[in-house]
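Peer 1: I have a structure here, written as structure tokens, and I will follow up with some questions on it.
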Amino acid sequence: MDSSKEQQELPASTSKSTEQTSKIFNISAIIEAHQPSDAKCVAEMLDGTLVTGGRDGLMKLWKKHDGIFENSQTIAQKDCLSINSVAVADGLDKGFLVFVGRKDGSIAIFSSTNTFNEPIKVLQGHKSNVCALHYDQKTGFLMSGSWDHNALVWPVSDLLSGAGDQVGIGLLSGHVCSVWAVAVVPTQPKPNFLTASADKTIMLWGADYERLGTFLGHNDVVRAVIVLSEKHFLSASNDSSVRLWDLASGSNLRTFYTDHQEFLYTMCLLDSFPSSGSRLVIVCGEGGSIDIFALTGQAGLTHLQSLKMPVHSVWSVTPLANGDFAVAASSGFVLVFTTDSSRTASADIQEFFFSSQYEALEMRDQEVQRAKDPTPVGAFGNGLNGATNMDTEDDTQWRRIGPRNEVSSAQGPNLGYQDPFTGTNRYMPGTRNGTAVAQPNVKRSPIVPLPENYCTFGLDGVSKKVFDRLREMNLTQPKALKMSEDEFCSTEVILTESDFCINECQIVALEKAILWSPETIVPALDLFRIALLHPQLNEIFCSLEPVLGNPPKGASTIRRLMDLLTLPESTDPVCILVCRSMANAAAHEFGRAMLMTEASALWNIVSAQMNSLKTALQVASSSTLLNLSRILLEMSELDAVVELGPREDAVHAIIASLCSVDSFGAHSPLALVRLLQTLIVLLGPSAVANCLSIGELQSLANATCRIKDAVSDDDVKALVRELSDKIGAI
């Protein structure tokens, strides 16, 4: 089953019928469930009791009295294990059942006949966090998904009948990353099963647990699936899309995008929407986004309403029998929404909720605004977010050495990129700019515009989700590359502080992380590129000479980075972070020396990245090129010798890259500034310019004209004039 060819891709419709628009969801209840921890999951039992689970290791039951949900029972998990998923079963011999997916891979079963005090059974089958649970009332199957890449199918009645080890458990093994969503397909005579994963795929499994097909189309982690019928199902992903699939053909029938472009984490089907007969789809995710769609026929979604809650993430959503729905949020709150005016929360309650959350929302808005601020001051105040906003540009002041006044380059447009790991890692609205590393003053030509310092990508604003995603990916590693708990914990200081004392655990952790596969290495590269800013870690991993009696690592480090940049399976995020790692290596002398050992090859493979449509990859690669040219310049000035070989290689590589681009309209102004600066530095010595053929000079002149025609940025145009004058003089 190959579903890579989509039949139709459309934005979500914004049309609304008169009847639908009359039903607007408002807050009905605000439950302070798990503060200050996250409320990770919520479900409803048949009697209307809400079950919530949190990162605090507590399962809580909430009964409604006089319109208010009251905590009727709290059950702590053994060893305070975080709860990341819940499911409920009603009407069994054991009464109401609550299934709790826990951090250690276990699933605890609680029963109303035991007043939920202790689990009546604990299922052991997963090796890591159980992040997805789904119970199908018709078939009696419980499905679970885990960070161990597997899904399991549990026949609940048999498990509770006393058969014990004689019960057959279905193993669905085929994904290469975490299984974030599971669902039962009501086929006859036996059901099929769906699993969705961080590997961007959805798999269909038969009644005998054999894989029937794979659905391809999402560009990021698939976080939710809901089955509409025997023929169709919906999926939601971190790529901000909801997709409709045909089960028989595997075709992606339609694709709907949300306006906010946030990661989508959870989705539910509201079948019993009162009075309208509509079936609603509720989709929630990052940034507190909640989108409500109506199913139209069997192949359409009509967008009805968008809600923006003042929370960072909505982790879980569940339909309620009365037509309301409830969400569990990162703030620890569980929120209930309704269209029934008799159940709408009072103005005082809503005011309390929004005021209590206002500070967090304001901080978030400030982060987003700084990311969008086009002014040099606003741009320079942030750093590039290497973990998550892969298409966010940074900006660094640059100056023209000589008689002209100092100017600042304007920041180019921000183009959003979605992190494949949200675990991730998110994963993450903030953005960061490159930071600067002070260098000794050297005398330069009056026509050379250079940043005051090497271009680096720093620590400011690194999200905690980088650390969380690093943990998630670490759990997937083979034994030889998996960090121990001590090694893993030692990395947190690298991601949070710029000045710290290094230890052996950090070195071992970095040695392992840099060898992870391209599929899992993104958070490891984020860790590694930040580590290279630390002078001692830079020396250990970049030095060409033994350090503290240990063999030099510089040669293996640069070779690994180059391999990652050229492997066909390396995605844009991998390439972005590799280029940022190379740029950060230049922060210290050991890294600069390491880069020069492979300079000839680097010019070619890094220049090729400038052709990417990803803004962040353009900026990262151009920053590396500018750093390489600066290293050559300073070597020449310090040694009073111009090395023509490396400069010739560099100029030839950049010209070849420029000639392959028909239009520069999609290129970042900041990336073009740095690329043009690089060329002007390299063409400084007349001996280098004289090595170029007439054809190469003409190609370069044509490329600079295309750049000038495609952009409006004054700094870019000024540099184009500078370069054009130089070419004309040659």
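Using the three backbone atoms N, Cα and C, a Cβ is placed for every residue, glycine included.
Feature annotation from TrEMBL assigns repeat 'WD' to 123-154, 172-205, 215-255. TrEMBL lists 373-392 with the feature region 'Disordered'. Taken from TrEMBL, the feature domain 'PUL' covers 446-726.
Could you give the neighbours, burial and distances for every feature on this list?
Peer 2: In the predicted model, the repeat 'WD' (123-154) has a mean pLDDT of 93.
Within the chain carrying the repeat 'WD' (172-205), a Cβ under 8 angstroms from the stretch's Cβ atoms is held by residues 1, 131-134, 136, 138-139, 141, 143-153, 211-216, 218-227, 229-230, 233, 235, 237, 245, 247, 250, 420-421, 423, 472, 476, 519-520, all 6 or more beyond its ends.
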Peer 1: Quick test of the contact rule: Cβ under 8 Å, at least six residues beyond the ends. What residues does that give for the repeat 'WD' (123-154)?
Peer 2: 82, 84-91, 97, 99, 101-109, 169-173, 175-184, 186, 191, 193, 195-197, 209, 472, 475-476
